[in-house]
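Input: a single structure, listed below in structure tokens.
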Amino acid sequence: MDCYRRYAAVILVMLSMVLHILHSLPDGDLIIQGCPECKLKENKYFSKLGAPIYQCMGCCFSRAYPTPARSKKTMLVPKNITSEATCCVAKSFTKATVMGNARVENHTDCHCSTCYYHKS
């Protein structure tokens with residue numbers, strides 16, 4: 001009987017340690033570690049004192065869903081899952097002139113939208 005009490009005590013101590021560790025972690029930091037949300041950030045290269053230039057930077061997440069039967073029939077190599085990536089892009093922007101004559105987009109609002117330009 002004494003043996004069961006020891007096992008129960010060890011299990012309770014280990015459970016409380018695990019719960020303590022989980023409770024002390026910040027919410028969601030393990031999920032998106034090292035990748036901030038999509039938002040405006042100042043571009044240090046183009047910004048000058050009194051006239052900051054902003055760019056949209058950060059992460060957006062892709063989604064996956066079952067491939068519709070109609071689409072599967074037209075695929076050369078049919079796949080069961082279709083994925084759609086989203087990128088952090090400017091929702092609105094203004095044109096700005098920097099470094100004398102270079103025209104750049106100064107982003108004013110960001111959102112996650114369909115990716116049009118993919119890196120190869």
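Any Cβ shown, glycine's included, is placed from N, Cα and C.
Copied over from Swiss-Prot:
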DISULFID  CYS35-CYS59  disulfide bond
DISULFID  CYS38-CYS88  disulfide bond
DISULFID  CYS56-CYS110  disulfide bond
DISULFID  CYS60-CYS112  disulfide bond
DISULFID  CYS87-CYS115  disulfide bond
CARBOHYD  ASN80  N-linked glycosylation site
CARBOHYD  ASN106  N-linked glycosylation site
SIGNAL    1-24  signal peptide
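This view paints the features noted in Swiss-Prot onto the structure.
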{"residue": "CYS35", "record": "disulfide bond", "Cβ contacts under 8 Å, 6 or more apart": "GLY58, CYS59"}
{"residue": "CYS38", "record": "disulfide bond", "Cβ contacts under 8 Å, 6 or more apart": "CYS56, MET57, GLY58, CYS59, CYS60, CYS88, CYS110, HIS111, CYS112"}
{"residue": "ASN80", "record": "N-linked glycosylation site", "Cβ contacts under 8 Å, 6 or more apart": "PRO66, THR67, LYS72"}
{"residue": "CYS115", "record": "disulfide bond", "Cβ contacts under 8 Å, 6 or more apart": "ALA85, THR86, CYS87"}
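Between the disulfide-bonded residues CYS59, CYS110, CYS112, the minimum number of other C-beta atoms within 10 Å of a residue's C-beta occurs at CYS59. Under the DSSP three-state reduction, CYS112 (disulfide bond) is assigned to strand.
If you take the C-beta of ASN106 (N-linked glycosylation site) and look for same-chain residues 6 or more apart in sequence within under 8 angstroms, you find ILE53, TYR54, PHE93, THR94, LYS95, ALA96. Annotation note: CYS35 (disulfide bond) sits in a coil segment as assigned by DSSP.
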